[in-house]
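Below is one structure; the comments refer to it alone.
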């Protein structure tokens with residue numbers, strides 16, 4: 001039997017070095033048994049795949065059949081207007097939203113959000129196609145969807161790359177609500193060709209600034225933060 | 001809780017038998033993620049090479065005696081539950097170098113136990129929602145007894161070997177927490193953050209094991225010299241190792257070193273349950289009070305455990321946890337919200353309460369006729385939730401094994417632990433699955 005000269009523990013006769021300190025085994029009286037049975041197998045296990053594909057197939061079939069059936073009904077039976085476009089668009093929207101979750105989980109989250117942006121924009125365009133009034137798609141819908149997507153991307157980035165707590169997450173959420181409110185009002189006023197200034201969104205902005213100020217103070221004052229944690233722990 | 005009396009003579013009624021998850025079992029599926037499941041391993045090293053065909057036959061005969069092990073986990077609107085698994089299997093498999101792999105619930109066949117064989121070893125891996133170590137040992141011992149019987153040996157149904165021809169006793173399937181949680185006092189849920197071992201995280205699908213094989217009489221003698229029990233002595237050695245590790249890290253701010261120790265409640269509350277029936281205790285040594293000698297650590301652990309290990313404190317501990325599951329508001333909250341809250345609570349508070357885990361399944365007894373076929377038992381706590389190390393102890397006859405499982409590259413804690421045993425005059429033999437090239 002061999003012992004580790006560093007740790008003093010007895011080693012298995014197949015060990016080439018001590019598993020604790022990596023000191024090589026050097027015992028002239030008992031060479032390492034290279035062909036001996038190892039105490040543990042060398043075969044590496046793999047996790048069984050989760051059957052996500054089945055759910056994805058089911059979802060695709062349900063949405064596709066709904067879209068095709070509604071399209072056929074619109075063409076052959078209820079021919080008034082292109083109402084089936086709303087349902088087909090909605091099916092496409094749901095598919096884009098849910099399929100990355102069910103099929104390809106390694107897809108970048110940012111790319112997924114951009115796909116979602118495209119799907120929502122496409123659905124708005126379908127509505128615009130039916131009601132092409134005042135270029136509302138390009139002047140109102142696209143800026144609002146883009147702003148919302150930008151905030152979602154910022155939120156996702158912050159959550160993934162910074163160490164966040166419930167309080168700091170809440171801080172970010174209120175900051176984004178304030179930004180979204182202001183952005184919404186500006187886009188609406190631009191669309192209505194009104195003078196650009198803020199009214200109702202100013203109220204939202206002030207409320208959010210107060211809440212964020214409070215959260216910032218709590219975050220910076222350790223004692224206060226601990227007190228809030230103590231009193232509000234779940 | 002057993003929904004309907006189990007009737008072995010009416011297999012078609014299986015679908016109606018389902019089990020609510022017990023108090024501990026509710027937590028483990030919540031923590032499930034792509035690279036983590038709460039899986040632990042019990043194994044037995046026989047004296048002769050295992051025959052897989054006979055082992056499969058033994059498993060097929062044994063599994064029906066343990067309906068709570070032959071289950072799949074399902075999601076309800078408010079809680080998860082277990083129901084009989086009607087898929088084929090479980091099947092015995094050649095053992096692997098990375099045990100306690102994640103056990104995805106929606107994977108092929110959805111079994112919550114795995115049985116492996118390698119050379120002379122039979123290993124049973126169990127998802128923790130199914131059973132604790134005590135319950136799992138009943139399954140493993142019965143499986144080995146059936147296996148040995150198939151090889152022609154006479155093994156009686158005693159010392160943890162259950163009769164596979166008998167239907168399961170109702171009490172074996174009960175949620176014992178429900179029966180005993182009756183304390184009126186509620187204990188504080190969280191404590192201060194403990195020191196967390198820092199190290200280089202291993203890549204996915206790697207679990208480093210270091211197993212120390214120790215003569216039981218030698219380690220008992222060492223514990224006796226310190227006038228403490230074996231568990232107290234091992235806890236003290238692990239705390240000592242973690243304190244040394246923290247010192248060597250050179251952190252500016254020291255943190256208390258805390259162990260999470262599961263305690264089997266069967267000793268305090270008589271129950272035949274094969275499902276989870278454990279409570280946690282957290283012995284702590286705080287280096288901010290100053291440097292502790294090993295003797296002082298032993299004293300701290302000894303008095304902590306003597307103070308806390310009693311039926312009243314254990315009852316208060318489980319009653320505190322039960323109060324949440326009994327709360328009407330908590331019960332009507334949808335499962336996905338419960339999962340979200342519980343997971344965040346565990347990640348931010350629960351997981352940080354302990355520096356390491358240590359479990360001691362104690363001395364194992366088997367029928368006299370089985371002893372000559374068994375060399376030793378092993379227990380492995382499985383993959384830790386975060387990058388730390390877990391330690392599990394079990395003994396059989398004069399062989400005690402201490403198994404460290406970790407998902408970090410460094411072996412500092414294990415090294416100090418075993419060196420301390422050596423310095424106390426205890427001989428240790430080390431076995432490991434570590435690939436030394438990565439060090």
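Quick reminder: no glycine exception, Cβ is built from N, Cα and C everywhere.
Matching A:22-43, A:198-219 against TrEMBL, the residues noted as transmembrane segment span A:198-219. Here the transmembrane segment (A:137-159) has Cβ contacts under 8 Å with residues 109-110, 113-114, 116-117, 120-121, 124-125, 128, 169, 172-173, 176, 179-180, 183-184, 187-188, 190-191 of the same chain, all six or more residues outside its ends. Counting only same-chain residues 6+ beyond the ends of the transmembrane segment (A:198-219), those with a CB under 8 A from a CB of the stretch are 165, 167-168, 170-171, 174-175, 177-178, 181-182, 184-186, 225, 228. Note on the transmembrane segment (A:171-192): residues 134, 136, 139-140, 143-144, 147-148, 151, 154-155, 158, 164, 198-201, 204-205, 208-209, 211-212, 215-216, 219 of its chain, located 6 or more positions outside it, place their CB under 8 angstroms from a CB of the stretch.
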